[in-house]
Amino acid sequence: MGRSSRSSSSRWRYINPAYYLKRPKRLALLFIVFVFGSLVVWDRQTLVREHEEELSKLNEEVTRLQNKLGEFKDDKSVTGQVNTSGKSNNANRKPNVSDDPIDIQRREKVKDAMIHAWSSYEKYAWGHDELQPQTKNGVDSFGGLGATLIDSLDTLYIMGLDEQFQRAREWVANSLDFNKNYDASVFETTIRVVGGLLSSYDLSGDKMFLEKAKDIADRLLPAWNTPSGIPYNIINLAHGNPHNPGWTGGDSILADSGTEQLEFIALSQRTGDPKYQQKVEDVILELNKTFPSDGLLPIYINPHRGTRSYSTITFGAMGDSFYEYLLKVWIQGNKTAAVKHYREMWETSMKGLLSLVRRTTPSNFTYLCEKIGNSLTDKMDELACFAPGMLALGSTGYGPDEAKKFLSLAEELAWTCYNFYQSTPTKLAGENYFFNSDQDITVGTSWNILRPETVESLFYLWRITGNKTYQEWGWNIFQAFEKNSRIETGYVGLKDVNTGVKDNMMQSFFLAETLKYLYLLFSPSSVISLDEWVFNTEAHPIKIITRHDQVEKSGVSGGQHNSETLSRARKEGRFSGN
């Protein structure tokens, strides 16, 4: 027992500092051991830290290489399509960049919105033109042509919603019937149905869509049988009998008569039948005979004489897309001599547009007036908010000074259009706005029906300038739609943007245009490249094919080749946005 105590006591003395103070050699040895041990531990920690840094660098390099590989695949499958002119159209375009994580997240949110809108339509209004979400039923606003379904086809395709696209495709193939005793709008049927079917054909290569487009176009063609070639705006799909609405006094509407060129030219290129192109080009030739020096046409045109009637000049309702298509037909034809006169007419009209530009006080918002006779009205439709995108897209065809001027104007107008949204309690825009001295912007007609024009312009401005501010504005608008317009059974407009009271309609263009442009706003610029595609006024992308003086079979086969290439790219997942 005593021995054990002494042994324990002798061991504890080694931790007593006094023991080492009396023995300097042992103290020195202890110090050396401590220093050596510290160096070993420190060196090991350094090695671990350096190893972690190397791993981090390797991970970054792997991610960079994956992004590069993704871009390479994108270029091969989408932007690497055959350019029929043999020339590059990359001037003034933002370079393709790696997919931003925030863009991916936002794009998925927009995709989720499309899934919600589509699923609601599929559940409550399948085969009808539009969904009334609050009463959970479908309505046939366009004669029962499945407008929302056809309008949504290319959006579903681009977003990679394959199962939904296939179900819609089967309905078009097996249930879509155009033989209806219905007085259809030539304009609305062309941009939604003909445009939607042609776009689906160009994207998928499925010839069924082309045959359907030809069927409905043939039913519309008699509308152009007028003394001047200016079409009537209404036709019965089963019996013909084209005419104009009574409220126009017998006149044809400018936008309704000058916004079929993209679709009918594309149809001729893809079928080899020139009759569609000839009808719509005759309209432009007729208008060009007496085209005014400022390029601004009133909204009413006499279809018998081809003359202009005394009426409003506007870039809003009933005028807007006529000017849009002058530019876009030039782009669709790959800017060749065969379509040069479209560009010349458009540039003349843009000189006239400059005469309508005014600015407010005190905030200096830029806006476009309307004009009747020699009088200007300080009113601008939200519909006219397509103009910033049009100006940005067209600016790339000017010389440096003019390009800068028109792009700057586009940016100023886009700021005004964005403030149409920001100036209301719901952050959603009204239908039109008035501008009064010292009051800046005042909402006029205060409903919102889910229109796309502002986000369309933000899409073009982002693609052309690379300025991410336009993405932020678009995201804010999307969030306002989510907050105010999303309900359990779809999306609805607002009866009043000041109170937020909801209506009972999910417009087909919300799926065709608004959500598509928002999705593309957060997608790489190689997805539906502006060098390879042109959007019709319903946001249906149509493949650019070089125009010559006549429709050639080579143009048709080229279009089919592009469709097949796109179909392969689609199967590889290029359009999925993942």
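The backbone N, Cα and C atoms fix where each Cβ goes, glycine too.
Source: prediction; values computed, not measured.
Candidates considered were Cys369, Cys417; the recorded disulfide partner of Cys385 in TrEMBL is Cys417. Compared over the active-site residues Glu431, Glu453, the count of CB atoms lying within 10 A of a residue's CB peaks at Glu453. If you compare Cα positions, Glu188 (active site, proton donor) sits closest to Glu453 out of the recorded positions Cys417, Glu431, Glu453. For the pair formed by Asp320 (active site) and Glu431 (active site, proton donor), distance between Cα atoms is given as 14 Å, rounded to the nearest Å. A straight line from the CA of Cys417 (disulfide bond) to the CA of Glu453 (active site) spans 9 Å.
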